[in-house]
């Protein structure tokens, strides 16, 4: 290494000497002599591997997406966005590092927006067909009231809340050990919390806790339970109550939540009959945060707000894995028709026809070869999922028709050129699916 470094330095110095002589306009013989010395040194140095090579890397935290992956992503985004718009959402774009925010107009029964957010989550997950799911709900007021009646000091509410939030990943014994051993909570207080947070159910559990003498005596908990009971009434009207579970272990660590909180998880089929389905990860979450906007209002006005987020990256990974497991073919384009030729020297005619189709709003393409074989053009359609082929031949040009072929059925019909656009639109009127 030291020997090479010394040689590189000699090359650098000799190169500077050659440049200096050229700037001084020295004699040609002298310059040639010094250039020959430089070339001799470079030859001794040998090829400099790695130099002048560009290494392309994706930035940390990002990834490249293939056409197949982008087709899946677009389908996921289209499903999510169309669902929001179906519920009257407006789209805004902000300069923060997020793709979209959606503002859902909903006033002013406070539980209706929460119920609608849960409905949206259920619609999105059902539409994506990524498996069985469950939406867990709770209320931060119930949590705080529960901690109070169990004897948790006010100063430990948030830290104990973060421990409870781990119950979907670890056992109650592990959570209790953390509360007692690491956070200094009295064992009997932890046991009281355990009696509550291991419960989950539907509206019947809400009604049961409303009869709990300690919990119902706490103002915060009573308000939260009352709102949850109303929420379940709306969820029943929306037809999704069976997808919602009141789960007292759901804590959602963010401090700005002020009321109902929710989290959607995909369920894994149990290994043994009689076992409960297991959650395999959160794919959506949200809640109420009535105090957040007021933090940025000079007058500190309270603005009722609900929000939800969809775990797009996790959903995308799940959809991609499912497609690979099923070996499903994914369309990477939305091309409706390929313009093909049956004989040679028809490139100009193909270009004219494809332009006519583009101008009419038809998604069309053609192979770029001058004289592609008809078989190759048909195979391209089968490989890429293009449903129709518009075939031009010498006889078709004489007769003023285009031969329109259905790739799937392998049937051909002659269509008058002036009727071609109408016929293609008729045949492709159903929305195209990517898979």
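The backbone N, Cα and C atoms fix where each Cβ goes, and this holds for glycine too.
Those TrEMBL annotations? Automatic predictions, nothing curated.
It should be emphasised that the depicted structure is a prediction, and the values quoted were computed from it without experimental measurement.
Features as listed in TrEMBL:
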DOMAIN    3-59  domain 'WHEP-TRS'
BINDING   103, 252, 256, 257  L-histidine binding site
COILED    316-343  coiled coil
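A map of TrEMBL features onto the structure.
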residue: 252; record: L-histidine binding site; Cβ neighbours (10 Å): 19
residue: 256; record: L-histidine binding site; Cβ neighbours (10 Å): 16
residue: 257; record: L-histidine binding site; Cβ neighbours (10 Å): 23
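On the 0 to 100 pLDDT scale, the model's mean across the coiled coil (316-343) is 86.
Broken down with DSSP, the domain 'WHEP-TRS' (3-59) shows 39 helix, 0 strand, 18 coil.
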